[in-house]
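Asks: If you scroll down you'll find the structure; I have some questions about it.
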Amino acid sequence: MDVRMNQGHLLLAVTLIVCNSQLLVVANSWWSLAMNPIQRPEMYIIGAQPLCSQLTGLSQGQRKLCQLYQDHMVYIGEGAKTGIKECQYQFRQRRWNCSTVDNTSVFGRVMHIGSRETAFTYAVSAAGVVNAVSRACREGELSTCGCSRAARPRDLPRDWLWGGCGDNVNYGYRFAREFVDAREREKNYPRGSVEHARTLMNLQNNEAGRMAVYNLANVACKCHGVSGSCSLKTCWLQLADFRRVGEFLKEKYDSAAAMRINRRGKLELVNNRFNPPTGEDLVYIDPSPDYCLRNETTGSLGTQGRLCNKTSEGMDGCELMCCGRGYDQFKTYKHERCHCKFHWCCYVKCKRCTSLVDQFVCK
C-alpha cells in the first residue's frame, strides 16, 4: 500500500514538473532581450560570464546562433524593442494595449492564447528583427554582412546610378528567419495536436512580419549636380519607416484568418467561404479573451484605470473602452509649447503654457 502511494506521489510530482517546465518554455521568450540591456561584444570584460549564457528566454537553437553571431544579439534586442513599441502604439486605443508585465515572459499569460493579438505580436516582433539587422548591416556594425547587394530594379532609368549603400534587407530577412523560427522548429509535438497547430500559427505570423518589412522596402535616390540640378541620381534600397510596417500589419490583424488543424496536420480555414491566407497574412486559432476585466488565468489586465475619450464613438471612447462600467472624471494640468515665433536666423522660440483639462478614466 505504501509503495503504491509513494509511486502515485512520485507520478504526480513528475507530472507537475513536466507541466511547469512546458509552461516555462512558453513563458520565457527571446522577446525578453528587449527588456534587458545587452552588452556589446567590444565591451566584454575579461573573466566575465559569456554573453549567451547570460541571456534568458533563448531556446537551444537560438543559443547556438547567439554563440555563432554574438555581435547580432544587440540588434535582435533592439528589433524586439522596436516591435513592442510599435505594438503599443498601434493598440494604444484598444482594450488590449500590448502592455508588458515583466522582463521574462514580457507579455504574460495572454500570449498562451493563439488569438489575433498574439498573431500581431509575433509578426511585429519578427519584423523588428529584420528591420534592426538590415540597418546594422548597412552601418557596418556586423561582421558577416554589409551594404545591400540587391539587383538593380528593372524600372530604374538608365542614367541613374545603382549602388549607394542600402539596407541589407535580404540578410536581415534570412537571419531573422533562422533566429526567430528556431524555437518553433525545435518543437516536436504530435501532428494534428493543439500544440502543433500553435507552432504552425507562430511560424505563419513570423513570416508575415518578415515579409512586411521585405516588401515595403523601397528605392531611395539622391541628386547630384551643380546647384542641385539633379543631373545625376544615385539610388539604393531603403527600409520603409517602421510605422508604415506597423500600420500594414495592423490592417492584416483586422483581416486575420481564423484557422484550425486538420487530420493531415495542416492549418485550414474555419470558414471555407474566405480565400486561404497568403504568406503575408496573419492567422489565429483561438478567439480573443475578454479584455474588459482583469483575469489571472487568461492574462487579461482589464481596462480599469485606463484613460478614455468621452466624445469618441470608437474603441478609445469611454463607452467601449470601459465596457459599460462607467468612468470617473478628474482635472489635470497639461503643459505644452505655445506662442511659437520664428527668429532670424534660424530658430523657433516658444513659451510654455499650462492649462487645466478634463480627463476620464474607466471604473
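Any Cβ shown, glycine's included, is placed from N, Cα and C.
Below are the features listed in Swiss-Prot for this protein:
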- 1-21: signal peptide (SIGNAL)
- C87-C98: disulfide bond (DISULFID)
- N97: N-linked glycosylation site (CARBOHYD)
- N103: N-linked glycosylation site (CARBOHYD)
- C137-C145: disulfide bond (DISULFID)
- C147-C165: disulfide bond (DISULFID)
- C221-C235: disulfide bond (DISULFID)
- C223-C230: disulfide bond (DISULFID)
- S227: O-palmitoleoyl serine (LIPID)
- C292-C323: disulfide bond (DISULFID)
- N295: N-linked glycosylation site (CARBOHYD)
- C308-C318: disulfide bond (DISULFID)
- N309: N-linked glycosylation site (CARBOHYD)
- C322-C362: disulfide bond (DISULFID)
- C338-C353: disulfide bond (DISULFID)
- C340-C350: disulfide bond (DISULFID)
- C345-C346: disulfide bond (DISULFID)
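Map these features onto the structure and tell me what's around them.
Replies: DSSP assigns C87 (disulfide bond) to a helix. Within the same chain, the residues at least 6 positions away from C87 (disulfide bond) whose Cβ sits under 8 Å from its Cβ are C98, F120, T121, V124, S125, G246, listed in sequence order.
Neighbours of N97 (N-linked glycosylation site), defined as other CB atoms within 10 A of its CB across all chains, total 18.
Taking the Cβ of N103 (N-linked glycosylation site) as centre and 10 Å as the limit, one finds 13 other Cβ atoms among all the protein chains shown.
Around the Cβ of C145 (disulfide bond), 21 further Cβ atoms fall within 10 Å across all displayed protein chains.
All chains included, 15 other C-beta atoms sit within 10 angstroms of the C-beta of C165 (disulfide bond). Under the DSSP three-state reduction, C165 (disulfide bond) is assigned to coil, being neither helix nor strand.
In the three-state DSSP scheme, C235 (disulfide bond) falls into the strand class. Sequence-distant contacts of C235 (disulfide bond), defined by Cβ-Cβ distance under 8 angstroms and a gap of at least six in the same chain, are L156, W160, L161, W162, G164, V219, A220, C221, K222.
In sequence order, S229, C230, L232, K233 constitute the residues six or more apart from C223 (disulfide bond) in its chain with CB-CB distances below 8 Å.
Taking a C-beta cut-off of under 8 Å and a sequence gap of six or more, C292 (disulfide bond) has these contacts in its own chain: R95, S300, G302, T303, C323, R325. DSSP gives C292 (disulfide bond) a coil state; it is part of no helix or strand.
Neighbour density for N295 (N-linked glycosylation site): within 10 A of its CB lie 15 other CB atoms from the protein chains shown.
In the three-state DSSP assignment, the secondary structure recorded for C308 (disulfide bond) is strand.
The number of other Cβ atoms within 10 Å of the Cβ belonging to N309 (N-linked glycosylation site), over all protein chains shown, comes to 17.
According to DSSP, C322 (disulfide bond) is assigned to coil rather than to any helix or strand.
In the three-state DSSP classification, C353 (disulfide bond) falls within a strand.
The Cβ of C350 (disulfide bond) has 11 other Cβ atoms within 10 Å, all protein chains considered.
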Asks: My understanding is the cutoff is Cβ-Cβ under 8 Å with a sequence separation of 6 or more in the same chain; which residues meet that for C340 (disulfide bond)?
Replies: V348, K349, C350, K351
Asks: With a 10 Å radius around each C-beta, find which of these disulfide-bonded residues (C318, C323, C338) has the fewest other C-beta atoms nearby.
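Replies: C338, out of the disulfide-bonded residues C318, C323, C338, has the fewest neighbouring Cβ atoms within 10 Å.
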Asks: If you count, for each of the disulfide-bonded residues C353, C362, the other Cβ atoms lying within 10 Å of its Cβ, which residue has the minimum?
Replies: C353
Asks: Which one is it, among the recorded positions N103, C165, N309, C338, C362, that lies nearest to C137 (disulfide bond) by Cα separation?
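Replies: Looking at Cα distances from C137 (disulfide bond), the smallest one goes to C165.
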Asks: Any idea what the Cα distance is from C353 (disulfide bond) over to C318 (disulfide bond), rounded to a whole Å?
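Replies: About 27 Å separates the two Cα atoms.
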Asks: Please identify, among the recorded positions N103, C318, C345, C346, the one with the smallest Cα-Cα distance to N97 (N-linked glycosylation site).
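Replies: Nearest candidate: C318.
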Asks: Including all protein chains shown, what's the count of other C-beta atoms within 10 A of the C-beta of C221 (disulfide bond)?
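Replies: Looking across every protein chain shown, the total is 17.
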